[in-house]
Amino acid sequence: MKTAQIRQKFLDYFESKGHTIESSASLIPHNDKTLLFVNAGMVLFKDVFSGVEKRPYMRAVSVQRCVRAGGKHNDLENVGYTARHHTFFEMLGNFSFGDYFKREAIYYAWEFLTKELNLPKEKLWVSVFEEDDEAENIWINEIGFPKNRISRCGTKDNFWQMGDTGPCGPSSEIFYDYGEHIAGGPPGHADEDGDRYIEIWNLVFTQFDKQEDGHLKPLAVPCVDTGMGLERLAAVLQHKNNNYDTDGFQSLVKAIVNLTPKSNNIKNNNASVRVIADHIRSTAFMIVDGVNPSNEGRGYVLRRIIRRGIRHGHKMGIDKVFFYRLAPVLALEFKDAYPELKQALPKVEKVLKREEQRFSQTLDQGMRLLEDAITNLNGSEIDGKTVFKLYDTYGFPIDLTADIARERHLTIDMLGFEFEMTRQRDRARQAGDFKISKKNVDIIGVTEFLGYEQLENISSILALVKNSKLVEEIKAGEYGIVVLAQSSFYAESGGQVGDSGVLSNAKIEFKVDHTNKQKSGVFEHYGVLNKGVLKVGDTIQANVDKKSRKCIARNHSATHLLHAALRIVLGETVTQKGSLVDSEKLRFDFSHDEVITKSDINKIEGMINRKILGNTKVHTDIINIENAKKKDAIALFGEKYSDTVRVLTMGKDDFSVELCGGTHVKQLGDIGLFRITSESGVSAGVRRIEALTGYDAYQFDNQMQNSLSEISQMTKSNNAQVVEKVTQFIKQQKELEEQITIFQKQLTSNQGDDLIGQVQEVRNIKLLSTVVEGSSGKDLRNIADKLKDKLGSAVIVLAVVSNDKVSLVVGVTKDLTKRYQAVKILNYVAEQIGGKGGGRPDMAQGGGTQPEYLAKALASVKSLI
């Protein structure tokens, strides 16, 4: 059974059992700062399980895209070396929110596996929590499962919990037995870590609420959460004991093999093939969901995975940019399940190619540093300073270095690496991840927001946080988080950044950098205490930075006007895809398939500025969600709204009507001026506009005018003529470049004639091994081709030095390729000058970084003849 068929059969089966199908969500968790990526199907329903959210259904089924790389669930280091670890996988799951429980969950799982998929009953094994007699009785007495194939396991294996406190419960796992020919024992046995018994389905019965004292309080409404890896199930059904041998990976594996030099032994690089096949899956989908390579957070996880894949490609002998070439193969594989990948393919290819080109510049240098360190090792551990230098200077993620070390049966000095890292850590990171438990919220209370009406207020301090822990006081110079009873500070939400400002009284001053808000309603004021000692219970004056707030309000209101104008000019298919509003600028992402013309940009700008000049009042209404819909108020797709919503109306004839919790101007004239500074594509079908308002927009216009005046002076024209004048210059430049190309070709031809005089005869073979002066690396191949034609039979080695780098070309005429291969001669020379290359028996190209050894290297070619 094909993977696509399994995926659909699972959804169809549970839909027939009254489950609502939930499409796979983004890999980026919605409104959840505790996770870098969605790593299980239940992540979509965390708030439902914890009682924070209610859905219009009580049964759900999903096939969720997941990533496990970074954080608590990190499979990255195992990928490639095992049969079943992946950074990206699909999780099949069925869920009950207070509807059915253990009996139905077990029955559905059993029926789906044995009747829908026809798995042999005798090949299955089950585990239950050691204290869960109920689940075991259902398996034995109602399903008829043999007791001798049930393992009772402890908390580590068969008890699930969301966190240190909160929803939790026992689980029952279903395993598949691959047979006696594979080593390993059943769950709960000493040899359970073998590959014979493989877990395929985990049924979690969430029936308790774990208290802070460890007590398990029964939930009033127990739930079911199950998870089954699609790749593992496909391996079972396709009679493979390695996930990478299933149909879902074969097109990728073939593409990787085709990219690998024929001389390379693929069998010796199976791990590398698996690494690359896995990593293109996770990286492509991360990019589709809006992640870009960076040096922190999700972006750094993406960068680590891309670079690990690239390194394994180089290990297999792939010396060209290759990783992005696998994206179209992947898009074809998932064209029906996830068509969004095909839609975003140009962006995926662009991001992957750019990242590989960037890393390729330092990969070879970093590998040389690492090879030198390994050569000079006294023991079996690579020192922390070297590991850090690879990370900091050459862009080697720590797990990539660890990966290479493991291949050499070495380890890395993590303590030494961490010591070096501490010197670079930002003080702001001391605050760490912070979450007040539900129990503490009940005791402390939530923050009352006053910021719509006022920018300052007096409040008591409810709680203080330092180094991720609740504390009683914060001292001068320390970074921390302050929780207030009432606050005028707006907390980051809906694309609008949180407020900054000062919390103070006669003795203390706490500078607030930014403000966040937890789902519970607790406002977190992040910052540093400049003077005094701040204590829980103190009374302070909270003062929002007024200038910053006014700038933010201008930009936020302008964003609403922009959204409305886009829908009028481009059509109502325009929907918001994301936004950023801060004190300096606004950024707005929206759905649209084409580049916006200059004419349309002018229309949009003009429309918005006319609304600003109209200076109408901005109206705010708190109304029922149904009434808001009747007013055609724009709501953000994917956002969850309460029954009562805040509606902002701007301009005559209700020009803009949107649901919004942000802060805004009182009159549209307060925006002052609106100017679009850029329009670009973000991904397939998504465009981005960046803009300025107020004095920032005026300064932008002023700079543009000054630049135009400077160009006019340089081109000896006035502002009205400058475009025509620059167009003439560009045309002239193009004509000159064409003439230069003609002259270069003539020069190249003449150089070939000049070099014939340097040809030597070595053992009756014509040999030319020399530096070509006044040429570029691009010219060498043409010169070599002309020399081969003129000499008839020869070995030609040409080099050129530019900016302390050597370019090499080796040409061998066809009659000599059985005795002398260009690629072997090239690598012989390149190794002596710190480089490498590649090519065919008759023509090869490469280079090096040590020109001081070039003369000796060229002279040594004679010894090969």
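Just so you know, glycine gets a Cβ as well, placed from its N, Cα and C.
Going by Swiss-Prot, these are the annotated features:
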type	residues	note
BINDING	His556, His560, Cys660, His664	Zn(2+) binding site
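When other Cβ atoms within 10 Å of the Cβ of His556 (Zn(2+) binding site) are tallied across all protein chains shown, the result is 26. Annotated Zn(2+) site His556, His560, Cys660, His664; additional same-chain residues within 8 Å of its Cβ mean position, judged by their own Cβ, are Ala553, Ser557, Thr559, Leu648, Met650, Glu658, Gly662, Thr663.
Its own atom aside, the Cβ of His560 (Zn(2+) binding site) has 25 Cβ atoms within 10 angstroms in the protein chains shown. The Cβ of His664 (Zn(2+) binding site) lies under 8 Å from the Cβ of Ala553, His556, Ser557, His560, Val618, Thr620, Leu648, each of these being in the same chain and 6 or more residues away along the sequence.
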